[in-house]
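K.L.:
Below are the features listed in TrEMBL for this protein:
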DOMAIN    167-250  domain 'DUF6534'
TRANSMEM  16-36  transmembrane segment
TRANSMEM  48-69  transmembrane segment
TRANSMEM  89-107  transmembrane segment
TRANSMEM  119-143  transmembrane segment
TRANSMEM  155-179  transmembrane segment
TRANSMEM  199-219  transmembrane segment
TRANSMEM  225-244  transmembrane segment
Amino acid sequence: MPPTVSLNYTIGALEIGAFTSIYLFGLVTSQVYIYFRKCAKDPWGLKLLVALVWSLDIGHTVAIASTTYTSTIAEFGRPDLLDVLPRSLDVAIALTGMIGLLEQGWFEYRLHKFSKQLALPILCFFLSILRLAGSMGLFAIALRRLPLPAFEARAGWLITAILAVGVSVDCTLTATLCYHLRYSPPVGFRRMTSQLMTWTIETGIITMCGAFVLLVTFLTLKTTFIWIGCFVVLPKLYSGSLLLSLNSRARLGRVVDEIMMANARGSDPPDDVSLSTVPPSVQLDHATFGRRLEAIIEEEWSSAAVHAPPTFIALA
């Protein structure tokens, strides 16, 4: 580290990243609360997934807070110590890999459900496992307490590979899900397809942009902490993307309510007329309605009679 240290590009960048990460943790926590309140009827496996992601996110937040405290308080006035990152940041590396695997694994499962194919979901899952293995390898290297320039020189290729694989998987999942939604829409689902595509792109682009920005800053600003500031934010984007995807099912139920009301007024376009077959007596909360409707959509997409009008008996 040079004798004169720019705090804007070291401690300043780390603090901005840490504060942003903690703020996003608050948003993720609110999404977790919404999930357990509105999706109480979800399978236990899905609830455990959300609980596990949130637990890992808590650990990541504590690690980032500890890193910030160590760098700004415990080591205050010792710029030479900035060369070696705190142990807590090493822990954050491992937690980031775990959170990323769970988030990508969920969307890989969704891809399998929509496409009823195994090849691409398995390939994406294999790449996600490789990404986790790379994160664990990076964690092991970080534990050696190397000075930051030596750490970047030794593990730079691994960091680049981890980020590149993450961006590739996120891009593939988002594009493939949109492809199946766009080119295989069952009759009566065009408006809903448009909404589903919007949500898919929104959740996918969050993690893609985050990983891409981190990759660019690491490649171009290695001598600063700017890439570290971006790194501590990335897991929150993964957690938020997963929770937004799960909670969007309640919004899906509200979309159907709007379509049904429009049908009742006779103002809905012909391609949505099949939605009017949903019995008005069905009394389901939006989350349950959206979840059941989502399951029906998956079956319609994957069935051989993909252009046959969907049935809504299962909603009763």
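Cβ coordinates are placed from backbone N, Cα and C, and glycine is handled just like the others.
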K.L.:
Take a look at 16-36, 89-107, 119-143, 155-179, 225-244 and tell me which one has the most Cβ pairs under 8 Å to the transmembrane segment (48-69).
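P.N.:
Highest pair count goes to 89-107.
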K.L.:
Averaged over the whole of the domain 'DUF6534' (167-250), what is the pLDDT?
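P.N.:
Averaged over the domain 'DUF6534' (167-250), per-residue pLDDT gives 80.
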